[in-house]
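Structure first, then comments.
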Amino acid sequence: MTGASAGAPVRPPAALSRTGARVERQPLARFTTLGVGGEAEVWFVGTHEQLAEAMEQPYRVLGGGSNLVIADEGVPERVIRLSGPFAERDLELDPALSAGDGVVTGWVGGGVPLPGLLRALQKLGLSNLEGTVGIPAQVGGAVWMNAGTRYGEMFDGLHTIEIVTPAGVRQVTPDDLNWGYRNSGIPRNHVVTQVRLKLRRSTPEAVLERMEHADVARKGQPKMKTPGCAFKNPRTPEFPDGVSAGRLIDQAGLKGTRVGNAMISPDHANFIVNLGGATAADVHALLHLIRERVGVAMELEYELWPEQALSAPERA
Ligand code: FAD
Ligand code: EPU
């Protein structure tokens, strides 16, 4: 007798890799804000040595999982998750790099959750990143996407970025990168392991006020399982200053449209929400439908794992 009840899922226990990384087969749904995604081998890495070992085979990098639509079959590659020291932060100001109002912190790990970091910076009265309030990312994922809002973005507060690839470790500054709206210029699978933040001395009260101001823009966003906005706001000759993709999808009359258990949010049309039990295919079908019905070219903001063309809606 093993003691396992009939039909209970049998999961192999976590193993340690050669360099001590924890390796576990896990359903990826539990790491995503959409709550969708099948299994993969997850490598929890906390040192450069462990990361180098994880990169010996094809891999993907998982941050806070807040921009991902992962297939129900999972992915065949290793999935790297920063943990241990890569999920820690040192907010001591570096005297050698700080001058006057401009201050630079110690290293902040790429696996640090952004919301907690912002709360800590607010208490210290350190400003520059408060425009990113409400983004449920990890620091590495937020840097990789240059996540932001109209009140500010990650690149407002970066001094140095450490990037690891199978070829080695290097440190860059924002000036070295071709960054812009929702784009850091850092190639895919180049891992942001840690950053130094470039901040401005302010007061806890003033930082809190700016955070609350930026947060007001989230009032209309759904509080359900979602990966945030599906499409980037397009800039076209018709809309040279950009236009809300949400407004365009809304104007196409698509709010509340369902495929299976996924829905275009009735609150904000650029959010796809999981009503419970949605599949990746449901979400793909809605994305396809939006592309088809909105007559403006829009770049997908969600990332599909694995990468694929959007399937035609079958049940819309
Ligand atoms: P993931 O979703 O895990 O991954 C996204 C991409 O980043 C993948 O390519 C992944 O490989 C890569 N990546 C992750 N970690 C690293 C790393 N350490 N190094 C290199 N690459 C990495 N976004 C905005 O910009 N503005 C918003 O206002 C906003 N609001 C949101 C609100 C909600 C409720 C939700 C669910 C999402 C929202 N988003 C917003 C989207 C999302 O939070 C951002 O795209 C964020 O940058 C994703 O970061 P992540 O750590 O979750 O990355
Ligand atoms: N609007 C509609 N219908 C909708 C949604 C929006 O008419 O269904 C209108 C609003 O009434 C408003 C305008 O469109 O007049 C702009 O809407 P909103 O303020 O919600 O901003 P957005 O451009 O739709 C952007 C970001 C969000 C970010 C908010 C707040 C993109 C793709 N979206 O949304 O980022 O949180 O501003 O700053 O840039 C994300 O990237 O995942 C994300 C959530």
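Each residue, glycine too, has its Cβ placed from N, Cα and C.
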The annotated region 'Disordered' range in TrEMBL, which must be one of 1-21, 85-105, 127-147, 253-273: 1-21
The annotated region 'Disordered' range in TrEMBL, which must be one of 190-213, 214-237: 214-237
Tally of residues which DSSP labels helix, strand or coil - the region 'Disordered' (214-237): 5 helix, 3 strand, 16 coil
Distance from Cys229 (active site, proton donor) back to Glu301 (active site), taken between C-alpha atoms, in Å: 7
Those residues of the chain, 6+ apart, with a Cβ under 8 Å from that of Cys229 (active site, proton donor): Ala245, Gly246, Asn270, Phe271, Glu301
Remote residues contacting the region 'Disordered' (214-237) - C-beta distance under 8 A, at least 6 residues beyond either end: 32-35, 66-69, 130-131, 133-135, 149-152, 181-182, 243-246, 248-249, 265, 267-268, 270-275, 287, 290, 296-302
Neighbour tally for Glu301 (active site), based on other Cβ positions within 10 Å of its Cβ: 18
